[in-house]
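Undergrad: Okay, handing you the structure first.
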């Protein structure tokens, strides 16, 4: 066995021999296989809704996400113009005239309903739809649940990845966020919740504008980590059905992120992910978990240590899936993204309270005639 391992390492390291026969890489069968793979590859769409969602989309386009179509949706024409995406949709052209939703989720909701046909066309053929937004404002809070409802009715596995506002942003945004979260829970398979306040525990001295950037980065890593386990060749890949099994009807999900480059990097990274302030819930009753392991030289033994540690914290009946992605930029570091689904969530509000969230400040959707201004 040792010799077999040594031979495998030697073949990997050795330079190709000049006398080796040339291999045809563009044969007819290769082309047929490529076409077949294109047909059976899961179609994954990532939709950023509202200002925060579109900021996340910009970051995704910057870092790159393999095998996903990126769509930006907003009621603010000026903000939408600045976004890089494969497709853009200005929501509620007649209702808002591109001026935004004014922090009113009701306007965001009506704007998305006005643009339902465009949304349906943009999501046509999707197997999985990620919806990213920051809850608390008008467009993301109001429109994201409408987009989610459309995607789910079209048969796509629908996963929202959302941030909750910092406490310092005020009670109105917090109440708006609670309203939006309840509606998303009804219209998605899984909602991954990232409470911004928890970032203060990770980096308490972070300036507020940088804290928002960190929140964007966590959203990006969550979506990218899950997507590329399906779409990007790696040491251990998942297929779409694996992910569907864990995320379908997954309810509220939380994430933990850990990384380490020490001698015991695998265990330390796993422990960090499990103890992450972002994962500040009891996971013992969770329905499932997805573990994404990244590194330039992850060993099989290290992967085993990570899986065993995580599964030891979960219900024995929980469904756990995992994959390994090669990332040369991490050097000697191992990074773990842990997504735990079906957790008991503190982010629930009574259904009968929903209509009172906007109070006296609520504004009804209006049409603006700019020619009269």
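Keep in mind that glycine also has a Cβ here, set from the backbone N, Cα and C atoms.
Summarising the annotation, Swiss-Prot assigns GTP binding site to 51, 52, 53, 54, 55, 138, 139, 140, 169, 173, 216 and lists sequence analysis as the type of evidence. Marked as region 'Disordered' by Swiss-Prot: 354-373. Per Swiss-Prot, the feature compositional bias 'Basic and acidic residues' maps to 360-373.
Are these features on the surface or tucked inside, and what touches them?
TA: Following the DSSP three-state reduction, the secondary structure of residue 169 (GTP binding site) is helix.
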Undergrad: Which one is it: of the binding-site residues 169, 216, which Cβ has the fewest other Cβ atoms within 10 Å in this structure?
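TA: Candidates: the binding-site residues 169, 216. Fewest Cβ atoms within 10 Å: 169.
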Undergrad: Can you check which residues sit near residue 55 (GTP binding site), meaning Cβ under 8 Å from its Cβ, same chain, 6 or more apart in sequence, and list them in order?
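TA: Once residues fewer than 6 apart are set aside, residue 55 (GTP binding site) is near 48, 212, 216.
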Undergrad: List the same-chain residues at least 6 positions away in sequence whose Cβ sits under 8 Å from the Cβ of residue 53 (GTP binding site), in sequence order, or say none.
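TA: When sequence neighbours closer than 6 are ignored, residue 53 (GTP binding site) has 47, 72, 73, 74, 131, 132, 133, 134, 140, 144 within Cβ distance under 8 Å.
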